[in-house]
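Pulled from TrEMBL, these are the features on record:
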type	residues	note
BINDING	THR8, LYS9, ASN10, LYS11, GLY12, LYS13, SER71, PHE152, GLY153, TYR154, ASP155, LYS175, HIS180, ARG181	substrate binding site
BINDING	GLU41, ASP70	Mg(2+) binding site
ACT_SITE	ASP70	active site, proton acceptor
Amino acid sequence: MKQVVIATKNKGKAKDFEALFGPLGYEVVTMFEVAPEMEIEETGTTFEENAILKAEALAKELGTIVIADDSGLAVDALNGEPGVYSARYAGDHDDEANMIKLLENLQGVEDDKRTARFCCCIAIAGPEFATTTVFGTCEGVIAHEKRGTNGFGYDPIFFVPSLNRMMAELSPEEKGAISHRGNAIRKLKEQLPNLIK
Ligand SMILES: O=P(O)(O)OP(=O)(O)OP(=O)(O)OC[C@H]1O[C@@H](n2cnc3c(O)ncnc32)[C@H](O)[C@@H]1O
Ligand SMILES: [Mg+2]
């Protein structure tokens, strides 16, 4: 089976990628398998900078083609926060604490002002070509409480109006069909048909 290496240590993200790459005949391999000791510091101030940083660091270490995803949630009422800092919004890399902090910061904000989008930059780096990036977004509304148990991160409080369900109520395949990550991967396939078939 063909393999695709993703520079991530987020199990939820890896599951999203499995749903996207599985149908294309790829086995997803993450840093847990190929570089468990490696820590990549995300020092960039944009999704693109961090995605490139992660993809290039692991590609250099392994000498193979690597994909990385830097993503996050931009909430309009909070001027785009938590944005690039989504993973550590409440200090630690803790999904529960991040959601609680976000709901607290949106207390009293009316439904029509709770619009938000997930953003994803995917970078692909390798020894024989210049690093390329693609973007994907997914529009939604921040709910008032959690619902659903699928997905990861902010999925339980992200309502998807087009499906009338929370992101965490979608199967990995349903999420991939509309998500920021799915939209980015579809662009990557268009741009690099020889690498991602
Ligand atoms: O850097 P890696 O190891 O890939 O894992 P990470 O979780 O730190 O990933 P990011 O640096 O890209 O931070 C992304 C954060 O944005 C949020 N996020 C991104 N995509 C999401 C999604 O599909 N559903 C819910 N939350 C998401 C979630 O809090 C993630 O931890
Ligand atoms: Mg990270």
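Glycine is no exception: its Cβ is also placed from the backbone N, Cα and C atoms.
Unlike curated entries, TrEMBL annotations are predicted automatically.
Feature map: annotations from TrEMBL on the structure.
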| residue | record | contacts (Cβ under 8 Å, 6+ apart) |
| --- | --- | --- |
| THR8 | substrate binding site | ALA14, PHE17, THR30, MET31, LYS54, ALA68, ASP69 |
| ASN10 | substrate binding site | ALA87, PHE152 |
| GLY12 | substrate binding site | GLY151, PHE152, GLY153 |
| GLU41 | Mg(2+) binding site | none |
| ASP70 | Mg(2+) binding site | GLU42, GLY44, PHE47, GLU48, GLU49, ASN50, ALA51, LYS54, VAL84, CYS120, CYS121, ALA123 |
| SER71 | substrate binding site | LYS13, PHE47, SER86, PHE118, CYS119, CYS120, CYS121, HIS180, ARG181 |
| ASP155 | substrate binding site | GLY148, MET166, MET167, ALA168, LYS175 |
If you count other CB atoms within 10 A of each CB, which of GLY153, HIS180 wins among these binding-site residues?
HIS180
Across the record's substrate-binding residues THR8, LYS9, ASN10, LYS11, GLY12, LYS13, SER71, PHE152, GLY153, TYR154, ASP155, LYS175, HIS180, ARG181, the largest CA-CA distance in angstrom?
20
Using DSSP with the three-state reduction, classify GLU41 (Mg(2+) binding site) as helix, strand or coil.
coil
